[in-house]
């Protein structure tokens, strides 16, 4: 049996009727709901959440007649509740659940004599309905079709491509300054103190992927504790990243450079204010992170800054390390999305469970770019009010784009590697969205981004007869940099 998401449309009986929609779970094998409100029939809601309706004697005679009834989930089956409600004249049965909404499963043949719609709804939504609409409420059920394409994906696409392109360009600017510092020995020491870059070797790449696997598994089993650790780390890292990004912009402005002496150092006053602003932005997000109305904007700004700083700071020494990193993370993504459902008890992938919050946890990991869905559907109400793209789907290909940009700088190749790899990333994103629209399920974006970017970079290097140099990189980059 399959479970479907639908909408309960509730309307109050005031002079100016207030309406509100709520998520429901129903089984399309048992009933079919209208696709719009045009063909929906409204029923008066009778709140019987004081009972579980496992016995007809629990409800006074005639109370349910021609009404929509809501009862608690209880221990008896949905079929038993449905038959009792139908025998007492109810026209719709809502079953309130205090736990996570789960699929309504039972044999289809057992429900052949049940004609009233049966749906599962959150108990908190029933409470909210009474607070918002009063005690006299009319309700109906419908299930609009899922939109083929949501325009929020366009916003996700622009953010992702912009971040990858800007991160790669910034890395190239830093590389050019490094080369100038090497050419001018007097500036080398000063330059090394300012730059705080880390270069990945093949061994550190493998270690990094292993750490990613271990962290994901730990999050799956200990989510309700580790999620707050991740939130704290994100606040710290994003504040530092936002500071580094804005400081790079402010550094190009030749105004407001007054300094004050502090701890034997001369510090620019504008940088002190900038640090306070960045810390405040991270703190505000942490406090209001569950505000769906606007907190996503702040999370996306902090997330873009985090990705930009990561792409610029973490340097891949050669194409060989890029292939190892992207290849292993591709396998990591595919394994935890497509393979783990065959291992877990509930048949859900570890990646999807951690992204959604295992076992109904309300706290979400701040490791995604979020944009509210612009097309209204039941999925928007139930579990996916936002279109999401993980930071890894930006950072991992972004490291390759950054390497291509640095290689362009090193070889004076007129940005051909950088531009072609950025375009390949954009094509990979489009391909991801097309497959997402066709399959109607979450996709591991790296499955499409990694082949597009790696193959394109390889073809450019092969066409320019620079594959050997592109594969090995520049010798001065190898190892950890101060």
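Residue 1 is the first one shown; counting continues down the chain.
Cβ atoms here come from the backbone N, Cα and C positions, even for glycine.
Within the domain 'PA' (54-125), the DSSP-based counts of helix, strand and coil residues read 20 helix, 16 strand, 36 coil. Residues or ranges marked as domain 'PA' in TrEMBL: 54-125.
The annotation transmembrane segment is assigned in TrEMBL to 152-170 (among others).
Marked as transmembrane segment by TrEMBL: 200-223 (among others).
Among the features that TrEMBL reports, transmembrane segment is placed at 229-250 (among others).
Within its own chain, the transmembrane segment (271-288) has Cβ neighbours under 8 Å at 231, 235-236, 238-240, 242-243, 246-247, 250, 260, 294-295, 298-299, 301-302, 366, counting only residues six or more beyond its boundaries. For 271-288 (among others), the entry in TrEMBL reads transmembrane segment.
Summarising the annotation, TrEMBL assigns transmembrane segment to 294-311 (among others).
According to TrEMBL, the feature transmembrane segment maps to 323-343 (among others).
The annotation transmembrane segment is assigned in TrEMBL to 384-404 (among others).
Summarising the annotation, TrEMBL assigns transmembrane segment to 416-439 (among others).
TrEMBL lists 445-462 (among others) with the feature transmembrane segment.
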Cβ-Cβ under 8 Å with the transmembrane segment (445-462): same-chain residues at least 6 beyond its ends:
319, 322-323, 326-327, 329-330, 333-334, 389-390, 392-393, 396-397, 400-401, 404, 416-417, 420-421, 423-425, 427-429, 431-432, 435, 470-471
Who are the long-range neighbours of the transmembrane segment (323-343) in its own chain, taking Cβ under 8 Å and residues 6 or more past its ends?
200, 202, 205-206, 208-209, 212-213, 216, 316, 349-352, 392, 396-397, 399-400, 442-447, 450, 453-454
Report the listed stretch (152-170, 294-311, 384-404) having the maximum count of Cβ pairs within less than 8 Å of the transmembrane segment (416-439).
152-170
Cβ under 8 Å, sequence separation of at least 6 from the ends of the transmembrane segment (384-404): give me the contacting residues as numbers and ranges.
150, 152-153, 155-156, 159-160, 163-165, 167-168, 171-172, 292, 296, 303, 306-307, 310-312, 314-316, 318-319, 322, 325-326, 329, 333, 355, 367-373, 417-418, 420-422, 425, 428, 445-446, 449-450, 453-454, 457, 473
Apart from its near flanks, which chain residues at least 6 from the ends of the transmembrane segment (152-170) lie with a Cβ under 8 angstroms of it?
248, 300, 304, 307-308, 310-312, 369, 371-375, 386-389, 393-394, 397-398, 401-402, 404-405, 418, 421-422, 425-426, 429-430, 433, 436
